[in-house]
Amino acid sequence: MCLPLILTIKIINIIINMFNKTNKKINILGKTREELYDFFIKIGEEKFRAEQIMKWIYKRYCDDVSLMTDFSKNLKNKLKNIIKIDHLDIESENISQDGTIKWVLKINDQNIETVYIPEINRATLCISSQIGCALNCKFCATSYQGFNRNLNSYEIISQIWYAMKIINDRNNFKLKKITNIVMMGMGEPLLNLKNLVPAIKIILDNYGFGLSKRRITISTAGISPVIKKLGKLIDVKLAISLHAPNDIIRNKIMPINKKYNIKSILLSAKKYISTSKANKGKISIEYIMLNEINDKTEHAYQLINCLKNIPCKINLIPWNPFPYVKYKCSNFNKINNFYKILIKHGITTTIRKQRGIDIKAACGQLSGNVINRINKRNIINF
């Protein structure tokens, strides 16, 4: 039975008054289309308003309701009282000689880093999912910051929104539009699934950023139970940060391996790609090259054996230096030899180009500009 019109209006007014009294406006950046449908219905508006406002936010990078020309004056005034479109502010910008840009974004007294990497045929945005990281990978600068907290969905989305807005505003500089997004910044994405999934839904939504699922990559150190859950929630490309050919080495450089070993990670990943359309039947394996740690000829053959039943492609990553750790990157000859062995055995392999190393924006170097505040751990020697 439908409620009388007068009663319906009273309920809507009560809801709006509640927003006004608490003086807590809802930040709609980072809200999925479904969440916005519910919101507009609750305040007595048609659900298509959700699609309109998403177009303004994610296609035109508008954060001011008063500029949304297809909203009536009454609706604008109504929304101004109950919503906000907040995004993170920039603390600093660094531009590399190779065109890579690193933005440090401020979150209260903390910050996160986001990296824009232009290439010939595409431009990739590397975003963060946490402030710091709890996994303590020995070769990664973020782990030396320690873990602060998960980013919420608006903070994840804000990185993309900000980067796309800058590129749009600087069109005279001919910056390439972002074509790919990788969750390879600060933090372990799969330990923040609650906020990651809504953010990815917005990235994929045609009323959001509208990117293809094959252009979104989640990189994980290997949280096996969450990989199993992921396929039921979202379908995007998955990359496993393996970085070792056996559990003995991986236990030393990636302590999470003591909980989720290589076998369990690869089995979970194999199951994920079996139902994923985004991955085209192959999982990406990331392998950082550490001198005398995991780069010997015997390690290449161990890796081949480890992956013999896993449809995959391997990305060899030269290690990028940061303070307090005495690792060294494998030299070119070692990396090239490792590469040739993998190729010879039929494994699709690439060597990642080092980008943004001069501004500490390369793989493994992101630390949120807090490296000087870190409790300096013992130097790692092997």
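Using the three backbone atoms N, Cα and C, a Cβ is placed for every residue, glycine included.
As the structure is a computational prediction, the values presented were derived from the model and not from experiment.
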Among SER158, SER212, SER219, SER268, Swiss-Prot assigns to the S-adenosyl-L-methionine site of GLY187, GLU188, SER241, LEU242, HIS243, ASN320 just SER219
Spatial neighbours of GLY187 (S-adenosyl-L-methionine binding site), counting only the recorded positions CYS126, CYS133, CYS137 and Cα distances within 10 Å: CYS133
Please give me the CB contact count at 10 A for GLU113 (active site, proton acceptor), counting all chains in the structure. 26
Rank the binding-site residues SER219, SER241 by how many other Cβ atoms lie within 10 Å of each Cβ and give me the one with the fewest. SER219
State the mean pLDDT for the domain 'Radical SAM core' (119-358). 95
Quick note, CYS137 ([4Fe-4S] cluster binding site) and GLU188 (S-adenosyl-L-methionine binding site): C-alpha atoms separated, nearest Å, by 11
